Amino acid sequence: MEETKKKRKKTAECCGYPISIFFIVVNEFCERFSYYGMRAVLVLYFRYFLLWDDDLATSIYHAFVALCYLTPIMGAIIADSWLGKFKTIIYLSIVYAIGQVIMAISTVHDITDTNRDGTPDNFTFHIALSMLGLVLIALGTGGIKPCVAAFGGDQFQEHQSRQLNTFFSVFYLCINAGSLLSTLITPVLRAQECGIHTQQQCYPLAFGVPAALMVVSLVVFIAGSGMYVKTDPEGNIIWSVCKCIGFAIKNRFRHRSSIHPKREHWMDWADEKYDKLLIAQIKMVLKVLFLYIPLPMFWTLFDQKGSRWTLQATTMSGDFKAFILQPDQMQTVNPILILTLVPIMDRIIFPLIKKCGLNFSPLKRMTVGMLFAAMAFVCAALVQIEIDKTLPNFPSSSESQLKVVNMFDSSLNVTISPNEPLLIDSFESNGGYVTFDHQDITVSLSTNPVITKTFSLTEGGRQTLIIPSNPSIMYLQEDIKSKPKEGKNAVRFVNGWTADLNITNSDSIQPSVTSNYTLVSQGTRKFVLSNGEQSCEFSQKFGFGSSYTFLIPSTLFSSDCESIKVVEDMQPNSVHMALQIPQYFLITTGEVMFSVTGLQFSYSQAPKNMKSVLQAGWLCTNAVGNIIVLIVAELGKLPKQWAEYLLFASLLVAVSIIFSIMAYFYTYIDPAEIEAQIRREQGLEPEEKKKETLEMEGKDKDQNNEQEVKQTKM
């Protein structure tokens with residue numbers, strides 16, 4: 001200890017704080033902005049750029065998050081046993097920045113879009129790049145996670161304990177500020193359109209800005225290099241604990257014969273080689289880690305706010321009148337509520353419960369936090385049921401659906417045997433889609449003479465029968481059979497004019513022909529129609545996730561585009577994103593009760609030098625929780641999403657009951673007292689120093705607990 005003190009150099013100060021910590025705080029803000037900004041748009045990148053289905057997008061997203069929570073253990077071991085915190089942060093930040101840059105490059109569709117249709121032609125290239133980028137990001141962000149806060153703490157001298165506490169508060173604020181700002185900004189960047197040849201959703205910008213912030217983070221951290229206090233590696237307690245446990249298991253197996261007397265605890269088989277104090281400390285840690293066994297299920301639900309809940313928001317309306325909210329921006333509700341609920345819980349709710357005489361112990365709080373998370377998923381299921389009511393009734397794999405559009409200059413009776421005739425006015429449709437359980441149909445028109453024609457419908461598809469001004473050339477047009485991606489609106493035009501037409505944001509359309517679908521964003525959109533000599537402007541207000549067919553009559557220019565008829569093929573999303581706020585409130589309330597309380601409880605029930613072991617165990621519960629989502633998404637395959645939400649809610653309720661039973665039989669301990677007793681038994685601590693030691697260790701423990709909790713981003 002004395003040697004370490006001597007190595008500490010006097011650092012330059014500003015307002016009582018080491019100047020070096022300002023570099024660390026800026027570094028942390030930029031890094032958190034980079035990570036959470038990239039993660040906010042990640043599941044939509046999988047879904048709409050790589051065109052993966054919801055289950056695969058969810059699985060890969062949670063596999064990435066799980067890896068991010070496993071790599072901090074590696075980072076802690078490297079920093080404490082080999083490179084030291086400073087070099088570990090530098091080297092892994094370089095890996096991190098390279099990963100972000102690779103990820104940004106993988107989102108540029110023009111790299112492989114040889115036919116310039118706006119869609120990559122070589123998805124393998126983009127998938128390979130993005131997977132490489134995500135692995136490097138996971139190694140980087142996880143590797144530096146346990147180092148940065150601790151490295152910041154190393155910069156303070158012993159007389160700066162008040163400034164140290166303030167540093168951790170500012171550090172925690174930077175984490176939340178980076179998270180909040182990035183989840184607000186990157187979805188807005190994603191919603192822009194950019195591209196070299198074709199304008200598409202601007203994923204390169206949404207991923208490029210976080211990549212740039214990570215480079216800035218690295219440069220800022222290196223810029224303060226000459227001012228840092230850099231401590232040498234002192235060995236990692238996690239590795240020592242693993243070796244001790246391994247020796248105990250191996251020794252117990254060697255002495256499994258009944259001739260060897262039993263020992264009070266299986267860890268006692270390590271006392272031939274390891275110190276009794278270390279063994280006692282490990283016993284305390286194992287007691288807490290045993291309680292961690294049911295905890296992954298909470299994270300299984302919690303981390304789905306970035307995957308399933310974001311995908312749910314894409315089928316909802318984000319029009320808040322004063323502003324438009326992107327689906328991936330709903331995640332900002334969580335950090336906003338965190339900053340609001342933590343002080344309310346600590347200063348008002350918990351003290352009020354205590355004044356009422358209720359024993360609301362930490363383990364009881366964690367159980368209630370689990371139940372709040374389960375209620376959040378019940379809310380999500382109810383919202384999903386409301387969404388499902390508004391979704392179109394798409395055909396099954398053995399069915400076909402048909403709509404009829406009459407572009408003829410008079411009303412027609414359209415008979416599709418064996419159905420009843422449909423009376424369709426001129427420049428109108430029959431309304432909704434008609435479902436058939438067979439593909440071959442015969443269509444008869446009440447023209448003079450009667451026109452009859454046979455068609456073969458697409459199995460599992462939707463089509464529109466277009467009856468042009470010359471009914472004898474009626475034809476089938478393929479329709480979209482799912483909601484337009486990213487809450488956009490699909491539009492197309494049927495040309496009833498007598499010559500070719502040019503339409504902005506669409507192809508040139510020949511007479512009686514239907515254009516391809518064009519995706520347009522929410523709001524009022526204007527379309528200019530021209531034939532080279534005449535032109536007119538047509539505008540339409542769009543919501544989210546709708547589909548329209550615009551019928552262009554022969555009187556187009558004489559009516560100044562006002563005669564264009566609008567056929568709604570798919571209604572816009574009508575369930576508002578505001579309905580997700582209750583589930584975010586419940587899951588965040590559960591997070592405050594579960595996560596913050598869980599860390600405080602863990603640190604109070606284990607020795608000071610074992611905090612890194614508990615943090616490793618805590619991160620592992622998060623990783624396992626994300627792996628559970630991956631498994632359920634790939635193997636569950638429930639037909640309805642609301643059923644999956646209820647499944648997760650039911651599982652968490654069951655787990656919370658098990659956890660409450662485990663908590664009931666748990667006995668709270670005072671680690672400092674147990675350690676002092678063992679030291680006295682070993683003659684390491686005089687009896688008369690007992691009281692002083694306990695008081696000092698208790699004081700240090702309370703202070704360190706507060707600092708550790710502030711370091712942790714929920």
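Along the chain as shown, residues are numbered 1 onward.
Glycine residues also receive a Cβ, built from the backbone N, Cα and C atoms like all the rest.
All TrEMBL annotations are machine predictions without curation.
Some features that TrEMBL has for this protein:
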type: TRANSMEM; residues: 33-50; note: transmembrane segment
type: TRANSMEM; residues: 56-77; note: transmembrane segment
type: TRANSMEM; residues: 89-111; note: transmembrane segment
type: TRANSMEM; residues: 123-144; note: transmembrane segment
type: TRANSMEM; residues: 164-185; note: transmembrane segment
type: TRANSMEM; residues: 205-229; note: transmembrane segment
type: TRANSMEM; residues: 284-302; note: transmembrane segment
type: TRANSMEM; residues: 365-385; note: transmembrane segment
type: TRANSMEM; residues: 613-633; note: transmembrane segment
type: TRANSMEM; residues: 645-669; note: transmembrane segment
type: REGION; residues: 680-714; note: region 'Disordered'
CB contact flag for the transmembrane segment (56-77) and the transmembrane segment (613-633), at least three pairs under 8 A: yes
Residue numbers, six or more beyond the limits of the transmembrane segment (284-302), whose CB comes under 8 Å of its CB atoms: 241, 267, 363, 369-370, 373-374, 376-377, 587, 590-591, 594, 598, 601-602, 605-607, 610, 613-614, 617-618, 620-622, 624-626, 628-629, 632, 648-649, 651-652, 655-656, 658-659, 662-663, 666, 669, 671, 674
Proximity verdict for the transmembrane segment (123-144) and the transmembrane segment (33-50), three or more C-beta pairs under 8 Å: yes
Same-chain residues near the transmembrane segment (33-50), Cβ under 8 Å, at least 6 residues beyond its ends: 56-58, 60-61, 64-65, 96, 100, 103, 107, 109, 120, 123, 126-127, 130, 137, 141, 178-179, 181-183, 185-187, 190, 201, 203, 206-207, 209-211, 213-214, 217, 306-307, 310-311, 314, 327-329, 331, 485-486
